[in-house]
Amino acid sequence: MDLISVLPSASKSCVCLHKPLSSSTHKLKPFCKTIRILGMPRRWKFAGPSMSLSTVASDDDIQRRTGGYHSNLWNDDVIQFLSTPYGELAYRERAERLIDEVRDIFSSMSLEDGEFSDLIQRLWMVDNVERLGIDRHFKNEIKSALDYVYSYWSEKGIGCGTKSIITNLNSTALGFRTLRLHGYPVSADVLKHFRNQIGQFVSCPSETEEDIRSMVNLYRASLIAFPGEEVMEEAERFSEKYLKETLQKIPDCSLSREIGDVLEHGWHTNLPRLEARNYIDVFGQDTKNMESNRKTEKLLELAKLEFNIFQSIQETELESLLRWWNDSGSPQITFTRHRHVEYYTLASCIAFEPQHSGFRLGFAKACHIITVLDDMYDLFGTVDELKLFTAAIKRWDPSATDCLPQYMKGIYMMVYNTVNEMSAEAQKAQGRDTLNYARQAWEDCLDSYMQEAKWIATGFLPTFEEYLENGKVSSAHRVSALQPMLTMDIPFPPHILKEVDFPSNLNDLACAMLRLRGDTRCYQADRARGEETSCISCYMKDNPGATEEDALNRLNVMISGVIKELNWELLKPDSGVPISSKKINFDITRAFHYGYKYRDGYSVSSVETKSFVMRTLLEPVPL
């Protein structure tokens, strides 16, 4: 009997609303070819159950597994006693004046047309307002500046100015990166013109600050690679090696710290608000030119004010999140991880425009619910209980709790109430009812959890391909993104939504990215908890003799390929879908990727993740 179709005998009204997973529409799209390339045979493997984990006896005398997770780091006292003065009117008025002054700086650049630095000056302004996190105020100015730069773009790149005789690596690398990220059709072949006669990138032996900065921008550009762009891979290897060697030679200064940040976070794990916080510390410290100093002072003051003013908004939102967490009964759910503040911080780092409060709170709530459900299906619930819960969710009726164990009743109502509330918010933003659409996404997610619970209970180990197909759904990327995304002031009509959400390649890749990266960070801890099934174990079973190191190497190759495909899905020209519509889903991928950068930062949030929360959420920037 198919596990997904099993219905509780207690209620004949519990009906299956969609197909069992074995016939799901969640197919492997970009990965079937990759799997064949990696030599992964398609066959079933069995393994005995592994439950080397501490258990606890519940009130019903059932021995239940526990994850041994640390408790919530951000209790009521921490949140309730936050206080910042930057919500006061005087700070907002000062920020508005600075915004006007920075607009004047953009406008003054048109007076320098035809000079020897007009192109690099425009790129410098655009790059810096973006890295400082203040670009939302200057959308028109940015477009005007980039249109001007692109009008002088050639297949060999650009120089510092329109009167420059030769092209320049720094201008070209920065221009290529910025133009590509804004959707201009620029070819990576432009970088080939900076290789020597035997096709290799070479560095200037003088190693001036300009030479070093050229390599910084070459490295940053190389990370925005599309599939098949070999020159970008060469540029990344060369510039990364150069910058690492340079760090060993130059003294500690703002440039060395900038290089360290760029190497540490790259682009795919460099969340916009985190980048702004780090860049504020190094921006303009070594500027010697008086005119440049005046520009940097205004940009820096505005960036600091904007960062701190947003924290006053976050305080209010955190209070709202804390009320929801308490009212939902979450503190009484003792078997799960409580990371709602960490999830809120991630959301704040990718969407920190004031009007996106619904997204930030919705993302934190959705991710908290996902975590509770994940821990319940993986650890705490029995298979029979989980069948009941899965069927109850498909009924979508509070009376469905009658057939649930006591500990599941509150969890069910948390899901039911929160999904309904987020659907109401989405209806206000999108002008249509999306509840049934969201329910289907949640049902698909729970079906995939149910499949994994069956594997855990029976000790069954699927093929890599089958595991990944199910794992893309159980990654829960889709349900974490869908409803929060629909609360934004970005239009998502049905024809656009299907290019961003399921069944789009963007959604498929985002889900795969989270599953692959998550498994490389979690598989050892999961195994200790009795969860044998992972990308690593399935790959090793499919490839007898392969070691864990072999499996990790293969997965890292796949992840690198997925990143390039994600870049393409976001930035490909003439897709008919605005970049702004795709970018929030793309940035959610970056947020999850950051959470797994050093370890499983969601299970163990007391180290790097805690520092991340402190730096971007709780600590103001000194003015």
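Just so you know, glycine gets a Cβ as well, placed from its N, Cα and C.
Because the structure is a prediction, the values reported are computed rather than measured.
What Swiss-Prot records for 1-52 is transit peptide, and it gives sequence analysis as the kind of evidence. Positions annotated as Mg(2+) 1 binding site by Swiss-Prot, on the basis of similarity to another entry: ASP374, ASP378. The Mg(2+) 2 binding site annotation in Swiss-Prot covers ASP374, ASP378. Residues or ranges marked as motif 'DDXXD motif' in Swiss-Prot (evidence: a curator's inference): 374-378. The Mg(2+) 3 binding site annotation in Swiss-Prot covers ASP526.
What Swiss-Prot annotates, mapped onto the structure for a quick look.
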residue : record                : CB count, 10 Å
ASP374  : Mg(2+) 1 binding site : 20
ASP378  : Mg(2+) 1 binding site : 20
ASP526  : Mg(2+) 3 binding site : 22
Other same-chain positions with a Cβ less than 8 Å from the motif 'DDXXD motif' (374-378) and lying at least 6 residues past its termini are 67, 69, 335-337, 386, 389, 408, 411, 446, 449-450, 452-453, 456, 476, 526, 529, 531
For ASP374 (Mg(2+) 1 binding site) and the residue listed as 'Mg(2+) 3 binding site', the CA-to-CA distance in whole Å is 12
Reduced to three DSSP states, the motif 'DDXXD motif' (374-378) has 5 helix, 0 strand, 0 coil
Taking only the CA atoms, the spacing between the residue listed as 'Mg(2+) 3 binding site' and ASP378 (Mg(2+) 1 binding site), expressed in whole angstrom, is 9
Mean pLDDT across the motif 'DDXXD motif' (374-378) comes out at 95
